[in-house]
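Feature annotations, reproduced from Swiss-Prot:
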DOMAIN    18-134  domain 'MTTase N-terminal'
BINDING   C27, C63, C97  [4Fe-4S] cluster 1 binding site
DOMAIN    156-386  domain 'Radical SAM core'
BINDING   C170, C174, C177  [4Fe-4S] cluster 2 binding site
DOMAIN    389-451  domain 'TRAM'
Amino acid sequence: MKQDKMAEVQSHACNQKARVYLETYGCQMNFSDTEIISSILSDAGYAIAESEQVADIIFLNTCAVRENAEQRIRNRLQNLRPLKKQNPKLIVGVLGCMAERLREKLFQEEKIVDLIAGPDAYRTLPNLLDLAESGEKAANVMLSLEETYADINPLRKNGHSAFLAIMRGCDNMCAFCIVPYTRGRERSRPMTSILDELKQLSDEGTREVTLLGQNVNSYYDENSGTRFANLMDKASLVNPNMRIRFTTSHPKDISSELIDVIAERKNLCEFIHLPVQSGSSRMLELMNRGHTREDYLEKIALIKSKIPNCSISTDMISGFCTETEADHAATLSLLREVRYDYAFTFVYSVRPNTPAATRLNDDVPDDVKQRRLSEVIALQQKISAELYRNDIGNTHEVLIEGESKRSSDMWMGRARNNRVVVFPKNGAQVGDFVNVKITDATSATLIGNAL
């Protein structure tokens, strides 16, 4: 699509108040992006719809990190066909990483799609919508070296907790990962804009903020020379009673300075998500992770020595290229040694154009991948159950997030260490901090009573 043609189209959304329904898939960054998209569209005069049934426009904010993530989107597009048939003027758009990966090819493969926009193109959505409303296929998948959306005030629904993106993109080029190709190079927001947004959130009564980035540990504000540990230190001072979390970290970049800051500042939560992907140094080298098993364990030991009550989670890939039974055994032994609170576990799926896709052979049979994944999951569930049972008798400060999915008589919230806690309702409300004494546990949930 030519930029001059986009410029010629005058937005008429303010007059029409078209209704946009947004559906989000994938990581926390995508959910944060949806809040940015909502703000951009709202400022352009569009109304945000609560249901696809009443929408004039349906946007799917997508993930491309694994093949099954993209298949979910394709299935969803198929499900939308009856709505499109019922209302031919309905505009269906695919946003985010899947749009960036497939680009205009998506129009050919999914005829229902009228509009595509990559993660750095959301400011152009009003113009793209004007083109789509005129009957044209509209696309913008240009990546940017500067875009951080730092000046956009996200339209958030959740008043007690918030995502705040501090950087975008990734420069690590892990062999299996498509993120650098769908989200572009690393860019950090200015420190002042982050602190200003934290202050605004604090003034609005937000109780907990999660700082987001593909690799927050490589955050760097060129103007002030601020790195992530210093940013976290300054962020903790905005409101000492507002919890602050962060995700995601790359093991090679997490610093002793950051660990010291978390240990010192009482409102920085004792929880670190530290994806390792494999327990085998041979696999880590093939994956281009930039560290060995021993390097990783040194970081884990440092965290546990400085923050003894810190919970740690991870990501694991089973069946990466050439993985042997010995490599798999090394992953299982790492689980036993680290004792993660939980792990996000996946079988390896080839992502087109990644280094692994072009240079390595996906030679582990599917049944072997699945068997190894099952063994990883079974061991991790056993470890999680042991850790959670050890919490019985302890008391946690819990931020109430909402009703338990299993019972309307129970509240569900999170402890500082990110463990999910459920307890019978009392006089407290969503957004309140409550001290809860733990009386029981499963492998994924703590159960207790409010004090």
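For all residues, glycine too, the Cβ spot is worked out from N, Cα and C.
Positions of Swiss-Prot features highlighted on the structure.
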residue	record	CB count, 10 Å
C27	[4Fe-4S] cluster 1 binding site	19
C63	[4Fe-4S] cluster 1 binding site	22
C97	[4Fe-4S] cluster 1 binding site	29
C170	[4Fe-4S] cluster 2 binding site	22
C174	[4Fe-4S] cluster 2 binding site	20
C177	[4Fe-4S] cluster 2 binding site	20
Integer average pLDDT (0 to 100) for the domain 'Radical SAM core' (156-386): 98
Integer Cα-Cα distance in angstrom, C170 ([4Fe-4S] cluster 2 binding site) to C97 ([4Fe-4S] cluster 1 binding site): 13
Pairwise Cα distance for C97 ([4Fe-4S] cluster 1 binding site)/C177 ([4Fe-4S] cluster 2 binding site) [Å, integer]: 12
Secondary structure tally of the domain 'MTTase N-terminal' (18-134) (DSSP, helix then strand then coil): 61 helix, 23 strand, 33 coil
Tally of residues which DSSP labels helix, strand or coil - the domain 'TRAM' (389-451): 1 helix, 34 strand, 28 coil
Residue pair C27 ([4Fe-4S] cluster 1 binding site), C174 ([4Fe-4S] cluster 2 binding site) - Cα distance, angstrom, rounded: 18
DSSP three-state assignment for C177 ([4Fe-4S] cluster 2 binding site): coil
Cβ-centroid neighbours of [4Fe-4S] cluster 2 site C170, C174, C177, 8 Å, sequence order: N172, M173, F176, I178, V179, P180, Q214
Alpha-carbon spacing, C177 ([4Fe-4S] cluster 2 binding site) to C63 ([4Fe-4S] cluster 1 binding site), which is rounded to whole Å: 12
Listed in sequence order, residues not in C27, C63, C97 with Cβ within 8 Å of the centre of the [4Fe-4S] cluster 1 site Cβ atoms: Y25, G26, M29, N30, T62, A64, V65, A69, G96, M98, V179, T182
Length of the line joining the Cα atoms of C174 ([4Fe-4S] cluster 2 binding site) and C63 ([4Fe-4S] cluster 1 binding site), in Å: 17
Mapped DSSP class for C170 ([4Fe-4S] cluster 2 binding site), helix or strand or coil: coil
